[in-house]
Amino acid sequence: MLADLGLIGTIGEDDEVPVEPESDSGDEEEEGPIVLGRRQKALGKNRSADFNPDFVFTEKEGTYDGSWALADVMSQLKKKRAATTLDEKIEKVRKKRKTEDKEAKSGKLEKEKEAKEGSEPKEQEDLQENDEEGSEDEASETDYSSADENILTKADTLKVKDRKKKKKKGQEAGGFFEDASQYDENLSFQDMNLSRPLLKAITAMGFKQPTPIQKACIPVGLLGKDICACAATGTGKTAAFALPVLERLIYKPRQAPVTRVLVLVPTRELGIQVHSVTRQLAQFCNITTCLAVGGLDVKSQEAALRAAPDILIATPGRLIDHLHNCPSFHLSSIEVLILDEADRMLDEYFEEQMKEIIRMCSHHRQTMLFSATMTDEVKDLASVSLKNPVRIFVNSNTDVAPFLRQEFIRIRPNREGDREAIVAALLTRTFTDHVMLFTQTKKQAHRMHILLGLMGLQVGELHGNLSQTQRLEALRRFKDEQIDILVATDVAARGLDIEGVKTVINFTMPNTIKHYVHRVGRTARAGRAGRSVSLVGEDERKMLKEIVKAAKAPVKARILPQDVILKFRDKIEKMEKDVYAVLQLEAEEKEMQQSEAQINTAKRLLEKGKEAVVQEPERSWFQTKEERKKEKIAKALQEFDLALRGKKKRKKFMKDAKKKGEMTAEERSQFEILKAQMFAERLAKRNRRAKRARAMPEEEPVRGPAKKQKQGKKSVFDEELTNTSKKALKQYRAGPSFEERKQLGLPHQRRGGNFKSKSRYKRRK
């Protein structure tokens, strides 16, 4: 009756309830990461069916979490059609490979059975038992035999690298700068005369004591002076410029709705991070912030800019776009200009854009330059745009974090192809989680993602070829510990504060020491410990020597057993087909998306007509297309980049690349090193150029006549006779010194000649 009405009946005591059998877990299991046999069995024993393995605590460790600010940014992302992710493609290829291996194995066993049909029945029984055992252990079977396991469990050896001790030359304080590197070490946030809303936000974020850069910068920033600050990465530079700016905005409320503070950052991810920190510091104030970076929705940004936020955080490209295409937006009311990671902002790739932005800014402004390394470009800008600036050097330009342990792995000559195998061995055996792997090129980063993914590791990638959605998603997953390894290019090397990064691995040494400082600065942040492991070839030894010389703590040399490297090299060679299969899947999907887009455009034109389709006006830029093209060609690092000149050259280059075929492991590594060397070569050429002559004094102090170095004493005949100074007379009376006697072969004088022994005072008998 109840069932007819669609209601659920009550179960009586006598009613029999059918119990569904428990689902078998004997189906195909996903191949886990390469874990050695004993460890994997232990993991299997500890698994309990009472808890869902996907369960995650919602509350994270730490005093505050900026996820609410990130969620707001994620909502502005451009919506795109959902496609299969790279991880899904890798998983598909892995499953296919696994089934093929199983089929091959079963075929092999059948052949063995047929071969042994004529053998004794006892042997047949043993074979059957072995087959049953093999089928049971199939799910938990690792890729390695017990012999392989013995090889892979060999420990790496660590040696301390010796360095030649040299006295460091002290930095001279410039005459143009007012030096404020000395600060009160006992200064706290309460002593800085900050407003109550800011102190409340500082407490809410869990900040207890200011860092050295904050102690030095905040009091100077509150005075409204221009600042040129240099401090190591991970020392809290964001709060050092955000707090004085927020205090200024609270103290002096705006009279009209205008944007008063502009913060320029080099990368989108750093912009999102600075925006998140600024919003958290301003959560108890009536101060509005806006984020204008590439990859986010332009229309929503334009609407936010029309509302005239107090603080604008932007990347140079998107800011210029808004300045030329958003009529109501301008920079004439800017009171404070902040350049975060100023050395990157002022390199050759941002040069034209920065000139345009500074030209459009208000002349009456406070300017703050913050960087981990001080370059000539930063000094040039400081001399032109800063008025009586205060220079704050908390750390030396090439100082790494104090609790960073630096390790280096030597790559032998003609062994450049071992880099991938070494990285795979490190990530599988030693550093399994919270790792950032830096590569020189986007192509190599993508390849490493595929390779490590095929090995069963949880990997993500972050570089310029990805869409903004993919970049932020990779960053979010790494922060939330959904992935263990983040493969990135130098786009992630600056300013990003990812909590809990334990290890940074450099696939090749970066372009310059400055880039190295930024890369390894992703770990050992805010007083925590961390480790960096860099692979160094013969061509990169010079940079290694400079790093060892500058290091304060002892530097270690890590040596991996050769057997381990060979095993991983063989494994990677076997995986080449799978890597190619994943790349093919990606290419097919890309072609499908392009075809779909063309079909949709054609449909829209057929349905509405060409005139009915409203096309948005083209967005203007401060350079013409030709000027942009020339600039791109001028800054191309390599000959093949010059293919940008025209279609014919581009086609020819593509054809030549196809003829050559796939690069070997050695060629890939050499290509990475070549890129870094070409950048360093160009940088060296630029540094050799003569400096611009200026009417006003530059930031460098006007040095007096060079002090003559003290030369060794030279014996001159006429000087010795005519010199009547007190010192000369004293030397003349004393006679030749011990060293001079030694050189001349004279008998040595007894030391302490004036001393009278007791024997002289003995009474004569």
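Here the Cβ of each residue, glycine as well, is placed from N, Cα and C on the backbone.
Per Swiss-Prot, the range carrying the annotation motif 'DEAD box' out of 340-343, 668-671, 688-691 is 340-343. Among the residue ranges 187-215, 361-389, 390-418, 448-476, the one that Swiss-Prot annotates as motif 'Q motif' is 187-215. Check Swiss-Prot against the ranges 20-25, 98-103, 164-169, 626-631 and you find motif 'Nuclear localization signal' recorded for 164-169. The candidates are Ser48, Ser595, Ser725, Ser737; Swiss-Prot tags Ser48 with the feature phosphoserine. Between the stretches 43-83, 248-288, Swiss-Prot puts its region 'Disordered' entry on 43-83. Break the domain 'Helicase C-terminal' (426-572) down by DSSP state and the numbers are 65 helix, 28 strand, 54 coil.
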